[in-house]
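The annotation active site, proton donor is assigned in TrEMBL to 46. Sequence annotations record features per position, and here TrEMBL assigns Zn(2+) binding site to 44, 69, 78. Taken from TrEMBL, the feature NADP(+) binding site applies to 148, 190, 194, 277, 278, 279, 280, 281, 282, 283. Annotation source TrEMBL lists substrate binding site at 178, 198, 201, 275. Residues or ranges marked as domain 'CMP/dCMP-type deaminase' in TrEMBL: 1-117.
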Ligand SMILES: NC(=O)c1ccc[n+]([C@@H]2O[C@H](COP(=O)([O-])OP(=O)(O)OC[C@H]3O[C@@H](n4cnc5c(N)ncnc54)[C@H](OP(=O)(O)O)[C@@H]3O)[C@@H](O)[C@H]2O)c1
Ligand SMILES: [Zn+2]
């Protein structure tokens, strides 16, 4: 399953509205096939693994990161392909979160006499599928709030990205996240101050996330480096956006942040890397729309500067505590990750 999760990761940022899925076929202790879902409209992971295995799939065990599909979509159901190939055992990391689908794939496999195990490395799989799960159950992207601070909790006031705060390892990690998430968002304040490109740089085989600029009054300069064909600009409902549209921007009109996120969901953006600045991030945080936090902390003291979040004071007892916290050293810097909202598992449609 670890190999299957690695396979699935190759599809991150490329499969929406479909999930990233990986599949590994094992027979007699050897891997005989592997595959991942590369993009919506392309074959599913199981199909690639079965193709590679050929006749060796007969009697093999399949390790799949998400319950195989049992319904006819753009491609024939994988459950039928697994049964036809003679796979004798299917190990599933996590059930499909779609309440109309959940359990059916497993049920059909069992009805055909295939042994099925569910729940192997489930937490990692669910985490990897957070975007897909948020999109299908909530109709909005999974929001990952990323920021870099000094040890005294200050973000640099200026400077592209966080180059000034953290070292090369942290910067490379941010580029990997941009490669893996569907979209990257900033407020117009950051566009005006830093003119970021919001591209993926230095990642082999990398691709750029879709830039999203939160800009209620359409103040984004037409010369902004993040403004390219397909860039999403989120504005207030009645803002004149003709010049931005002429520049190729996709406009999402919304009166509220939850409405804006639903608009991004309709564009099939399943995950959003929220890169700031403080005003926009604080608005997301205040509305409970930050699902996951990735904080990069540099062992430096600045003494003055912007805090990553601001808002009305609250007592420590009311602080939002992260769950599933993980720590990692990145050269001199420390990465702290954790969840503020639960990743949807089964059901619970439309909670926004
Ligand atoms: N080191 C870091 O991690 C980092 C990262 C990013 C930025 N920064 C720094 O942060 C500074 C910019 O800060 P900032 O707070 O002005 O930038 P910001 O948060 O990127 O942009 C703020 C603007 O976003 C717009 N906005 C759109 N929808 C909004 C909503 N629902 N709620 C609130 N605002 C919304 C508002 O303008 P409208 O009202 O016109 O829509 C607001 O003025 C820069 O100096 C930059 O260098 C640092
Ligand atoms: Zn399938």
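Glycine too: its Cβ is placed from the backbone N, Cα and C atoms.
Whatever TrEMBL says is automated annotation, not expert-curated.
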Residue 194 (NADP(+) binding site) to residue 69 (Zn(2+) binding site) - Cα separation in whole Å: 45
Where the C-beta lies under 6 angstroms from ligand 1, the matching recorded positions among 46, 194, 280: 194, 280
Contacting binding-site residues for ligand 2, chosen from 44, 69, 148, 275, 282 when the Cβ sits under 6 angstroms of any of its atoms: 44, 69
Packing count at residue 280 (NADP(+) binding site) (other Cβ atoms within 10 Å of its Cβ): 23
Candidate nearest residue 201 (substrate binding site) in space, where candidates are the binding-site residues 44, 78, 148, 278, 280 and distance is Cα-Cα: 148
Top Cα neighbour of residue 280 (NADP(+) binding site) in the set of recorded positions 44, 46, 69, 78, 178: 178
Nearest recorded site to residue 148 (NADP(+) binding site) by CA-CA distance, among binding-site residues 69, 198, 275: 275
For residue 198 (substrate binding site), the one of 44, 69, 78, 278, 282 that lies nearest, given that the binding-site residues are compared by Cα: 278
Three-state secondary structure, residue 201 (substrate binding site) (per DSSP): coil
